[in-house]
Amino acid sequence: MDNDRQKALDTVIKNMEKSFGKGAVMKLGDNKARKVSSVSSGSVTLDNALGVGGYPKGRIVEIYGPESSGKTTVALHAIAEVQKNGGVAAFIDAEHALDPVYAEALGVDIQNLYLSQPDHGEQGLEIAEAFVRSGAVDIVVVDSVAALTPKAEIEGEMGDTHVGLQARLMSQALRKLSGAISKSNTTAVFINQIREKVGVMFGNPEVTPGGRALKFYSSVRLEVRRAEQLKQGQEIVGNRTKIKVVKNKVAPPFRVAEVDIMYGKGISKEGELIDLGAEHEIVNKSGAWYSYNGERMGQGKENVKLYLKENPAIREEIDQKLREKLGIFDGDVEEKEAESPATLFDEEE
C-alpha cells in the first residue's frame, strides 16, 4: 500500500479508536485473543473429545439431551473444576430443581456457588447478563433454556397461546450476551431439553426449545444420551453415557466421549482413567487383571476403581500421563467451524 493510502487508513483507525476505544479495530495477526483457552470439563475423556482441553473461555456452550441423561451432572463437574482452580461460578436454576447434596458430592463448593432461582425467563437472563458483565465470574450455567418462561406467559391464563415468544426472548438475550461473554472471558453454559415435532414422517423429529438462536451463537454443542445401565449384581448403580460433540468452532467436531455416570457420585473419574489408560497402554490389562508400572491394581474394573480411590497419588499420576499423551492442555488452538448435518429440526422463531 502506498504512503498516502496508509496515512488515510491510519487516520481513520485513530478516529475509530477515539470514538469506540482502543482495540475497536485491529489486524487479525495482532489479535492475541484468537487463541482459545479453556476450563476443564472435569472429565479427561470429554476434555479430549472437545479438542482444547475443556470448554472454551469467552464462548457459549449448549448441552442438550433427553430427560435424566446427565446434562446437569456434566455442567456441575465443570463448575467444580472452575472452583478447584480458584474461579467463581454462578448457577441460574430456572427449573428450581438443583440438589445441593448431589452438587456437593460432585465436588462443587456450595458455600461459594452463586445461585439464582428466577421467577421468569427475562429475570433469569438479566441476572446471567449481570454476572457476565461484572467480569468477575468464570462460568455461568443456565438450567435450563426450556424453563426460561417469558413473563407474559407466566402472567397469562392457562391455555393462552404465545407463539414464538420464548424464541424471540432467547434471540434478543443472546444478541446482548455474546459480545459481553467474549470480552469478560466467561464460559456460558446453557442446558437444554428435547421436544418432539409433531407430524415429522422422515428424519429426526427431535427439537430443542428456544428457537434457532442458541444453535448459532454456541461455539460448542454437546448431545448427552444414556447408552446402557451399569449394574452391580442385580442393582443398577449408574449409566454408561455418550456425549457427542455435535458442533465445535474451536477444534474438529463429531467426537464422542463415553463416561460412566454413577448415581449419587457423578462421572466416575477412576472408570475413565482405567478405560483410557488401557487404550493408550498406560495401564496394562491382562484378561480381567489391571496393573500399573508392574504392580497389580486388581481384578475387574470395579475393584480397580476402588484401588484408585484409595491411592490418589497413583490416580493423579495416571491422569497426568494421559493428559500428556493425549495433548490435553489449555487452549492455543485456532478456530475451525463445522457442525453435524442437521441432527435437529428447529422450532420457528
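From the backbone N, Cα and C atoms, a Cβ is placed for every residue, glycine too.
Here's what Swiss-Prot has on this protein:
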- Gly65, Pro66, Glu67, Ser68, Ser69, Gly70, Lys71, Thr72: ATP binding site (BINDING)
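Listed in sequence order, Val224, Arg226, Asn239, Thr241, Ile261 are the same-chain residues six or more apart from Gly70 (ATP binding site) with CB atoms under 8 A from its CB. Sequence-ordered, the extra residues of this chain that approach the ATP site, with Cβ no more than 8 Å from the Cβ center of Gly65, Pro66, Glu67, Ser68, Ser69, Gly70, Lys71, Thr72, are Val224, Arg225, Arg226.
Neighbour counts were taken at the CB atom with a 10 A radius for the binding-site residues Gly65, Pro66; the maximum falls on Gly65. Within 10 Å of the C-beta atom of Ser68 (ATP binding site) sit 10 other C-beta atoms, taking all shown protein chains into account. Considering other CB atoms within 10 Å as the measure, the emptiest surroundings among the binding-site residues Glu67, Ser69, Lys71, Thr72 are those of Glu67.
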